[in-house]
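For reference, the structure is listed below as structure tokens.
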Amino acid sequence: MLSAQQFLKEFNNVESLNESLYEIVSHICEEVKLQGDKALKNYNLQFDQVETEKLELEQSQLKNAYDMLDNETRDALEQSYQRIKVYQENIKVKQESSQQTECYERYHPIERVGIYVPGGKASYPSTVLMTATLAQVAGVNEITVVTPPQNNGICQEVLAACYITGVHHVYQVGGAQSIAALTYGTETIKKVDKIVGPGNQYVAYAKKFVFGQVGIDQIAGPTEIALIIDESADLDAIAYDVFAQAEHDEMACTYVISENEKVLNQLNTIIQEKLQYVERQDIISQSIANHHYLILAQDTEEACLIMNTIAPEHASIQTRAPEMYIDKVKYVGALFLGHFSPEVIGDYMAGPSHVLPTNQTARFTNGLSVNDFMTRHSVIHLSQKTFNEVAESAEHIAHIESLFNHEKSIHVRR
């Protein structure tokens, strides 16, 4: 257990992503740029031990995967899809009327989007739902999914989710090489305008490498959750909230903050007891050993200071009055309030996307939404009357900046 001061000192010294991977990733990206499909197939064999004659899956394979789902799985995926769709439709930015003003904004869906769906330690149909649904609601013309190849084929639930969300292309390629393919294009894969979706450090650095040549959502680090709890919290439930993050990967970070030292000690005992029997113990135990923090705050203000400093991907408030934290907890990817809003519900069913900022980036950026799949530009259509009202001042500013042709462009219209 750490005091707030001890934690903040230690936290500020935590290193970010492993920069040594950057050289490896840049080499992979350059190889894909030069060799196209050949490089992708070679990397599939080298990294995933899968030989792929054909990179793209047929649309019929997506439909077959959907048709083969058992009723319970189909209903769960469909319910998730519908909740996400309705929420994103509600927050989708509305076009302004050009009749109301001489200056306004117009929004258009991005033409082509690439979505990275992790394979690795688990398969994630939820990631398809939490990204492709947003692109679909935005009106994206061409939605492409890339996901690592598997010896026994791509996860059928992932393919079914692609079918539900209207994904146009699915390619069995993962890692940094898939990000390069989406950026530069290959003989088989069309280049896209924007890449979204979570992945490992190789994927994160590939996105960093290609940024500027293609749009990206974020450079994501390992998943993380920070919880503020008090004596009213169900500590068994809190333990599983911690395990739920830790089971993603050994680098997952979990933070529990409380003003009550006894509560933190009780939680620690419960976690250690359950850890002996928990599923995915190998991953969880490493995460808990290296990236799990119990933090004692002096008061609510200090608890919120810690939370806002961590700026976690997921913030959970499980106290007697969680609503009091809404305005105090500012810099988080998503805020989950109360016992019946566990972070895991946000992973699957709540409606907002689970693609969220990590690594303190919630201090300046946001979780993925339908509006991230749209471009925005200003429209300026002035009347002669308005032009005449502003021209003299604009001309003067151009003059003091010594941009004389700017000045003349205005002057000749007066």
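Backbone N, Cα and C define each Cβ position, glycine as well.
If you look up Swiss-Prot, you'll see Glu313 (among others) marked as active site, proton acceptor. Under the three-state DSSP scheme, Glu313 (active site, proton acceptor) falls in the coil class.
Counting every protein chain shown, 27 other Cβ atoms lie within 10 Å of the Cβ of His314 (active site, proton acceptor). The active site, proton acceptor annotation in Swiss-Prot covers His314 (among others).
Here Swiss-Prot flags Tyr116, Gln177, Asn200 as NAD(+) binding site, drawing on sequence analysis. DSSP assigns Gln177 (NAD(+) binding site) to a helix in the three-state reduction.
According to Swiss-Prot, the feature substrate binding site maps to Thr223, Gln245, His248, His314, Asp347, Glu401, His406. Just so you know, the Cβ of Glu401 (substrate binding site) picks up 10 other Cβ atoms within 10 Å once every protein chain is counted.
Look at Swiss-Prot and you will find Gln245, His248, Asp347, His406 tagged as Zn(2+) binding site, backed by sequence analysis. Sequence-distant contacts of His406 (substrate binding site), defined as residues of its own chain at least six apart whose C-beta falls under 8 angstroms from its C-beta, comprise Ala398.
Long-range C-beta contacts of Thr223 (substrate binding site), restricted to its own chain and to partners at least six residues apart, with a cutoff below 8 Å, comprise Pro198, Gln245, His248, Asp249, Ala252, Cys253, Glu313, His314, Thr358.
Neighbour counts were taken at the CB atom with a 10 A radius for the binding-site residues Asn200, Gln245; the maximum falls on Gln245.
Cβ environment of Tyr116 (NAD(+) binding site): Val146, Thr147, Gly174, Ser178, Ile179, Ile195, Val196, Gly197, Pro198, Gly199, Val203 lie under 8 Å away, each six or more residues apart in the same chain.
Proximity of Gln177 (NAD(+) binding site) to non-local residues of its own chain (separation of 6 or more, Cβ distance below 8 Å) is seen for Ile28, Cys29, Glu31, Val32, Ala39, Leu40, Tyr43, Phe47, Ala206, given in sequence order. You'll find the Cα of Asp347 (substrate binding site) roughly 18 Å from the Cα of Asn200 (NAD(+) binding site). Here the C-alpha separation of Asn200 (NAD(+) binding site) and Glu401 (substrate binding site) works out to 48 Å.
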